[in-house]
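Working notes, beginning with the structure itself.
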Amino acid sequence: MATAVVVNIGKKLYEGKTKEVYELLDTPGRVLLQSKDQITAGNAARKNHLEGKAAISNKITSCIFQLLQEAGIKTAFTKKCGETAFIAPQCEMIPIEWVCRRIATGSFLKRNPGVQEGYKFYPPKVEMFFKDDANNDPQWSEEQLIAAKFCFAGLVIGQTEVDIMSHATQAIFEILEKSWLPQDCTLVDMKIEFGVDVTTKEIVLADVIDNDSWRLWPSGDRSQQKDKQSYRDLKEVTPEGLQMVKKNFEWVADRVELLLKSDSQCRVVVLMGSTSDLGHCEKIKKACGNFGIPCELRVTSAHKGPDETLRIKAEYEGDGIPTVFVSVAGRSNGLGPVLSGNTAYPVISCPPITPDWGAQDVWSSLRLPSGIGCSTILSPEGSAQFAAQIFGLNNHLVWAKLRASILNTWISLKQADKKVRQCNL
C-alpha cells in the first residue's frame with residue numbers, strides 16, 4: 001500500500017486519454033501525473049472504462065522509472081503519490097513517440113510488406129512518430145524532426161538532441177529487455193516519450209511507461225501476450241473480454257516489482273599486499289559501489305604468507321556467492337598469479353604503479369606462467385568496471401548500470417562537441 005501523500009494541487013495543465021497532469025502549488029517545477037481508469041486503442045477510436053487500471057498503470061510506471069533512475073537514466077520521476085499518481089519534474093513534452101523494436105510485428109509489418117513476422121533486429125530498430133491524432137501519428141524521419149525546429153523550455157531540438165533521444169531510446173529498451181528476461185518474458189517493442197525539464201533544460205525520459213507502452217510475451221510466445229495488444233485484438237469488447245485484459249495487466253503489475261531485484265548475488269574481494277595500498281583499494285571499493293556491487297577489503301601477502309592467502313581465498317569460495325578477486329600488490333606482484341593459479345574464480349590484478357619502478361614492476365603482472373589466467377588493469381575504476389561486466393552477464397541490475405553509463409558517456413561527449421562547435425561559430 002502506497003504511503004498517503006498530501007499535495008496542494010493547482011490547475012490542470014494537460015489531459016490526455018489515460019492521464020491528467022496538474023501543477024503543484026507548493027513545489028514549483030514539479031507536477032502530479034494522475035492516471036485514469038480508462039483504456040483506449042486506435043487513437044481512442046475504441047475506449048472503455050477499466051476499473052483499477054489507474055492503479056495498475058501507476059504501479060508499473062513507478063517501478064520502471066525507479067529501475068531506470070537507479071541505473072542512471074535521466075527520468076522525469078520523483079516519487080509515487082498514492083495508488084494512482086506520481087510526482088515528477090515539470091517538462092515541456094516533445095511531441096514524438098519513439099519506438100524501439102527487437103521483433104517485427106504489428107504496424108511495422110503493414111508499413112514494410114514482405115518482412116516476415118518474427119524478424120529480429122540487431123541492434124534494436126528505432127523509429128519515430130509525430131503525435132498527431134488527426135493524422136494517425138505519422139512516421140517521421142530524422143530530417144523532418146530537425147526541420148521542424150521545435151523549441152521546448154528554451155532548448156532547440158537539433159541534430160544533437162535527436163541523436164541523444166535516439167541513443168537513449170535504444171539504451172532504455174535494452175535495459176528493460178534485459179530486466180524482463182529473468183521473468184522469462186520477451187520485450188518485443190516499446191514506445192516512449194521525452195520532455196525538456198523546465199528547470200534543468202535537459203532532455204529526460206518523461207510521460208509514462210506502463211502496460212500500454214510495450215508488447216510483452218511470456219516465454220517469447222505471442223499467444224500468451226500480456227500487454228494492451230490483448231485489448232486491441234478483441235473483436236468485440238465485452239465484460240468478459242475486459243476482465244481478461246485486466247487480468248493480463250495485473251499479471252504484469254505483480255511481476256514488475258521483481259525487476260527491481262536480482263536473484264543473482266555478486267561480490268568483489270580486494271586483497272592487498274600491504275595497508276600502504278589502502279587508498280588504491282578504496283578507489284576500487286568506491287567504484288564497485290557505483291555498480292551496486294558489495295566489496296570487501298582484505299590484507300594478505302602471497303610472498304610472506306601464502307598459506308593465509310589461500311585460506312582467505314577458500315573462505316570466499318566456500319559460501320557460494322559469485323566472487324571476483326582483485327589483487328593489489330606493488331613491486332613484485334605474486335598475489336594475483338598465486339590466486340589465479342589456485343582458484344576457478346576470476347582474478348584481476350590491479351597493481352599500484354609508481355613513477356620510479358612502475359615500468360619494471362608491471363611485468364610481474366603481465367608475463368606469467370602457463371595456466372595462469374588473471375587479467376591486469378591498472379586503473380582502480382577500470383578493474384571495478386571489468387568485475388561489473390563479469391557480473392552483468394547474469395545480473396540485470398549491474399548490467400543496467402553499465403549500459404546507462406555507456407549512454408551517459410556518449411551523451412556528455414555529444415554535448416561537449418556541440419558546445420565547442422558553438423564557440424567556433
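Along the chain as shown, the residues are counted starting at 1.
Just so it is clear, glycine is given a Cβ too, placed from its N, Cα and C backbone atoms.
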For this session: Out of Y22, Y316, report back the residue that Swiss-Prot marks as phosphotyrosine.
Result: Y22
Problem set entry | K11, K36, K131, K178 - residue that Swiss-Prot labels as N6-acetyllysine | K36
Exercise. Could you count the residues of the region 'Linker' (261-266) that DSSP puts in helix, in strand and in coil?
Worked result: 0 helix, 0 strand, 6 coil
Seminar exercise, completed: When the recorded positions S107, T238, S274, S332 are compared by other Cβ atoms within 10 Å, fewest goes to T238
Exercise. How would DSSP class Y22 (phosphotyrosine) in three states?
Worked result: strand
For this session: Determine the mean pLDDT over the region 'AIR carboxylase domain' (267-425), rounding to the nearest whole number.
Result: 94
For this session: Could you measure between S107 (phosphoserine) and T238 (phosphothreonine) for me? Cα positions, answer in whole angstrom.
Result: 25
Problem set entry | Candidate recorded positions Y22, T238, S332, pick with smallest Cα gap to S274 (phosphoserine) | S332
For this session: Would you mind listing, in sequence order, the residues at least six apart from Y22 (phosphotyrosine) in the same chain with a Cβ closer than 8 Å to its Cβ?
Result: I9, G10, K11, K12, L13, V31, L32, Q34
